[in-house]
Each structure stands twice: as structure tokens, then as C-alpha cells.
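TrEMBL lists 1-45, 470-498 with the feature region 'Disordered'. If you look up TrEMBL, you'll see 1-31 marked as compositional bias 'Basic and acidic residues'. The feature compositional bias 'Low complexity' is assigned by TrEMBL to 32-45. Annotated transmembrane segment per TrEMBL: 54-74, 94-114, 121-139, 145-168, 180-201, 221-241, 279-297, 317-336, 348-364, 370-390, 410-430, 436-456, in sequence order. The domain 'Major facilitator superfamily (MFS) profile' feature in TrEMBL is assigned to 56-461.
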Amino acid sequence: MSDKHAIGDTKLTEDQSKADPENHVGPDRQAECQGQEGGQEAPQQPTRLYKRRWMIVLLFSSYSLCNSFQWIQYGIINNIFTKFYSVDTFAIDWMSMIYMLTYIPFIFPVAWLLEKKGLRVVALVATALNCTGTWIKVASVRPHLFAVTVLGQFCCSLAQVFILGMPSQIASVWFGTEEVSTACSIGVFGNQLGIAIGFLVPPVLVPNVDDMDELAHHISIMFYITAGVATLLFILVVFVFQERPKLPPTQAQATARSILPEQYSYTASIARLLRNRPFILLIITYGLNVGCFYAVGTLLNRMIIIHYPGEEVTAGRIGLTIVVAGMVGSLICGVWLDRTKTYKQTTLAVYFMSLVGMIVYAATLSLGHLWVVFITAGALGFFMTGYLPLGFEFAVELTYPESEGTSSGLLNCSAQVFGIIFTICQGKIIDRFGTLAGNIFLCVFLLIGTIMTGLIKSDLRRQKANLSAKTTAEGQRSGQDYGTTSLMSTPQSPASQA
């Protein structure tokens, strides 16, 4: 997609440049590369970074954590919930896959809502839905109420649609040019930490006991804790979460605020993104990588129990190892990107190492040594989970000046589609041919993704726009300094001296 088409619908007029900066307006970023009519550059506007930005991103990370914890809380103790609700393992697998399935049809209306109403409204809806879902699950702790617990999980999965697309949006609206990748990593960090706790805590709180009343008591404790945390976070969002700072953090945000909502066409933005070949390749490769992670996480309990019977708690700890290593990888990659801006090279390297990690994990899972599984799973998680913020930020670069919420929504939609396909297929392969065949199945698609990542053209549009704005500002200052110097050095006439 050419830059001309990317900004064709977003030119500013003089009246629009006077719009009230405190009212939310359309897309959260449009290019500094937009010129004023007559070929003149847009004037520099005041910008500022607020300390409150860290509170906003940490609060977001917290409620993202609470929601992602619930994604895996059923799957990691699949055999226990199978016994309690008297359903098969595939039904419990769907308690994780419902997060993926719900995302697909709802992401586009939610992304539209994010553009039209802004961060605060989306945050309120997300935490309200998450809180509602947790209390529905509290009421579902009866062996005959599986349908009720599915309803509660559906509400939480719907809340996730309002969460996954926000990290890059929050980073752009609140953070400076040198912080956006780190801020995005912190946003993704909360989601990963929630998954990590979801792997660790359920096997500890819900032991595999035969007495159904005792088992119901343990499940109730887990659900009540989750509901209490979700309720607290909803209250905090109501009173603390702010739409955006008074002054923008960057010139890109300053320009975006002067664009009226009716200028922005969501459908036109989608159409432009789908004509962007590098972004289409990234959509596919991101979906392949993250889809593999979803499949591994959902089926981890089954894979570990096959080779190490009775090790439900250990399976949770292995899942924790995968995600904690991934969180470290995410933060390192975020800081690395902010310093080097090597988006293509870093993404390709991490993708290739994800493939290597998956091969090693598949080869060592059945050796009979749990300590080896911990090491190989940690290496896999470091690269596979560490890839998440890389994909988001690379997408922002490739699609600038389109909305971050739209581009990240398309990435996540791809991940959910591949996640469902890979989870179902790998589960069937494991049942019929064993865990090695199931993991080789994922390795093949990671190899395809690595090759396709190498074909992505590195067109860093946001970096070019920020560099252009910086160069323009320096040129204006130099011109002003030259004019002042020339005026002072001009010789005065005898009459003026007199």
C-alpha cells in the first residue's frame, strides 16, 4: 500500500486544526507526514509525558491479567473438571477455545467502538464483562451446572475482545516515541502473567480428590478469589482509568487530535490494511506462531499426564515456566526495539528460535526427565511468548498511519483462528498418534511461518514519519536562528545611526 493511499482520507483543514484537544477524535494516530495545503509543513505542537501514564498501563495490565488467568484455568486441570462435570476432555478444551472463537466475530465491532468512543469506554466494558463472568462461575459449582459455567466463561471471553487490542493503543496515546515498544510490552506482560498464574494456581487450589463435595469446595474457593479480584479492578477502572493525557506525548498524537471523527472511515481503513502486502504476510505469520502457543497451552495438561501420570501440579509449573520465560523475552524484546528499531531482523530471529525451541521440546518431552522438560519448555516460552509484542509493534510500523487498534485486532483475529484449528487438530493427532506427532505438526507450521517472515518487506512508516517531523522541527529552528543572525549583522544606514 502506498503512502498516498494510506493518508488519502485524512488531510487536515485549517478549521479542523482548531478542534478541542480534550474531545476524543477518531483514529489515535495519523501521520506527521501529512502536509498542510500549499506544501508547508504542519507547525510543531506542544507535547508532554505524564507520570500517570505508568498507572494507566499497569492498571490495564492488571485487568488483562485477571482475564487471561481464566483462559487456562479449566484446561490446566482438564482431567479434574472432566470428572466434576461428567463431560469429555474435548468439552473442557472448548472452555479455552471459546476465548478464541468469541474473538473472531466480535473483534471488528469492538475495534470500531475503540476508534469512536476511546480507551476509557472500552476499558469499562471489558472489566464489567469480566466481573460479571466471574460471578456467574461462582454460581456454577454444581456437577449439573456445566452450561452455567460455560456462560460465565463466555462472558469472560467476550471481555477479552475488549482487551487484546489495547496495548499498542495505550502505548501510542500515552507514551513517547522512545517508550512505545516498552509500554506495549508491559501491556502484553499482564496478559502473559495472567496465563502464568492460570497455569500455576488452579492445580494448587483444586487438588484431584474423589469426594465431589470437597472438590466443589475447592473449585468455589478458586472462583470466589477470581471474582473478588475482578470486582476490585472494575472499581479501580471506574475511578482511575483516564481516556488520554491533556497534552499529547508525540507530534503524531498532536496531529491526530485535530482530525474530526467523520473524516475517519473504519471500513476504508480495513480495506487499506488488506491491500498492504507486508501486513498480510505478518497477519498470517503472527497467527501461525501465536496459534501454536495457544494449542500448546490448552493441551499441556494432556501432554504431561500422558508421559507423567498424576503430575497435574507439575504440568501447571511447566506452563508457568513457559509463560514467565516469555515475559522476560517480551520485556527484553521491547527494550531492544526501542533502542535499535530493528523490527524485521528481531522478529525473524525470534520466530526462528521459536521453531528451534518447539523442535527441542517435542524431542525431549517423552524422555522421562521432568527437569529436561522444564528447561526445554522455558526456552520455547522465551521465544514463542516473547514474540507477541514484536508482532504488535512491527504491525504498527507497517501500517502507519492506520489505527493501532485495527491492526492489532486483525493480528489477534488471525491468532484465534489458527489457535482453534491447531488445538483441535493437535488434540486429535495426540489421541491417535501420540504427543510427538502432535508437536511435529506444530513444527511444520512454525517452519512455514519463519520462511514467510523472511519475505516481509521492512517498511517502517512510523519511524520515517517521526524522523521527518524531527528533521522539519530542526530545520525550522535553524531557519529562525539564521534569520536572527542575519538581522543582527545587517549594517545600519547613516540616517538610522543618527
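Glycine residues also receive a Cβ, built from the backbone N, Cα and C atoms like all the rest.
Nobody curates TrEMBL annotations by hand; they come from automatic prediction.
Tertiary neighbourhood of the transmembrane segment (145-168): same-chain residues 60, 63-64, 67-68, 70-71, 74, 85-87, 91, 95, 98-99, 101-103, 106-107, 110-111, 114, 119, 122-123, 125-130, 132-137, 139, 180, 183-184, 186-188, 191, 389, 392-393, 395-396, 404-405, 407-409, 412, selected by CB-CB distance under 8 Å and a gap of 6+ residues from either end.
Taking Cβ pairs closer than 8 Å, the transmembrane segment (94-114) reaches residues 71-72, 74-75, 81, 121-122, 125, 149-150, 153-154, 156-158, 160-162, 164-166, 169, 266, 270, 294, 297-298, 403, 405-406, 409-410, 412-413, 415-417, 419-420, 423-424 in its own chain, all 6 or more past its ends.
Contact between the transmembrane segment (54-74) and the transmembrane segment (410-430) is absent: fewer than three CB pairs lie under 8 Å, with pairs separated by 6 or more positions in sequence. Outside the transmembrane segment (180-201) by six or more residues, the chain places 53, 57-58, 60-73, 76, 163-164, 166-168, 170-172, 174, 222, 297, 300, 315-320, 322-324, 326-327, 330-331, 333-335, 337-338, 385, 388-389, 392-393, 396 with a CB less than 8 A from a CB of the stretch. The domain 'Major facilitator superfamily (MFS) profile' (56-461) scores a mean pLDDT of 88 in the predicted structure.
Note on the transmembrane segment (279-297): residues 1, 72, 75, 96, 100, 195, 199, 273, 319, 322, 351, 354, 358, 380, 384-385, 387-388, 391, 394-395, 398-399, 407, 410-411, 414-419, 421-423, 426, 442, 445-446, 448-449, 452-453, 455-456 of its chain, located 6 or more positions outside it, place their CB under 8 angstroms from a CB of the stretch.
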